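Trainee: Swiss-Prot lists 30-37, 57-61, 75-78, 142-145, 174-176 with the feature GTP binding site, giving sequence analysis as the kind of evidence. Sequence annotations record features per position, and here Swiss-Prot assigns Mg(2+) binding site to 37, 59. What Swiss-Prot records for 22-195 is domain 'EngB-type G'.
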């Protein structure tokens, strides 16, 4: 998809701050420092729309972006970062749960994981949480450029088995460095968004 407009609308922590309207919405989740910001910047053809932090756990708000005036992307704070306090973790959990369980505009979630390593316990918990609430999920297996091509399928198999991926949930090989999987990611997203303008 050609992205002509991508800008932040609001950083929210409560439902009354979420944007109104009925635009299709895609949430983007993943472990801290997994490459989620790079994924967003790559598929939106933007170098610095989402700041790539060297400090994990930096994003503590739900960041709503409007794309081509047709849909919202929602950058969800990264999970699994050990150095945040218990109270911060509890606040994060409440904010995330509220968003995922009450947001009617949400069409699907992109879950970004690192293809180089088996999914972590936190990745499994996040995927199980999304499945519990019957939220369609697209799994982006990023950093594929860091693995020899001949080993991609082996690593993908580990991802699918560890997460116990449900039928119908796509797993897309991706690299922010090479652009691999960019088109496939958009195709997967468009299956869930109600927009017909793509």
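All positions are counted from 1 along the displayed chain.
Using the three backbone atoms N, Cα and C, a Cβ is placed for every residue, glycine included.
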Trainee: Quick one: give me the count of other CB atoms within 10 A of the CB of residue 61 (GTP binding site).
Mentor: 14
Trainee: Using a 10 Å cut-off on Cβ-Cβ distances across all protein chains shown, tell me which of the binding-site residues (30, 77) has the largest neighbour count.
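Mentor: Of 30, 77, the one with the most crowded Cβ is 30.
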Trainee: Measuring Cα to Cα, tell me the gap between residue 30 (GTP binding site) and residue 37 (Mg(2+) binding site) in whole angstrom.
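Mentor: Residue 30 (GTP binding site) to residue 37 (Mg(2+) binding site), Cα-Cα distance: 10 Å.
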Trainee: For residue 77 (GTP binding site), which DSSP three-state class applies?
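Mentor: Note: residue 77 (GTP binding site) is coil by DSSP, not helix or strand.
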Trainee: If you measure from the Cα of residue 37 (Mg(2+) binding site), which of the binding-site residues 61, 77, 143, 174 is the nearest?
Mentor: 77
Trainee: Please report the three-state DSSP label of residue 36 (GTP binding site).
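Mentor: Residue 36 (GTP binding site) sits in a helix per DSSP.
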Trainee: Are there any residues in the same chain, six or more apart in sequence, whose C-beta is under 8 angstroms from the C-beta of residue 36 (GTP binding site), and if so which?
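Mentor: Listed in sequence order, they are 28, 29, 30, 75, 78, 112.
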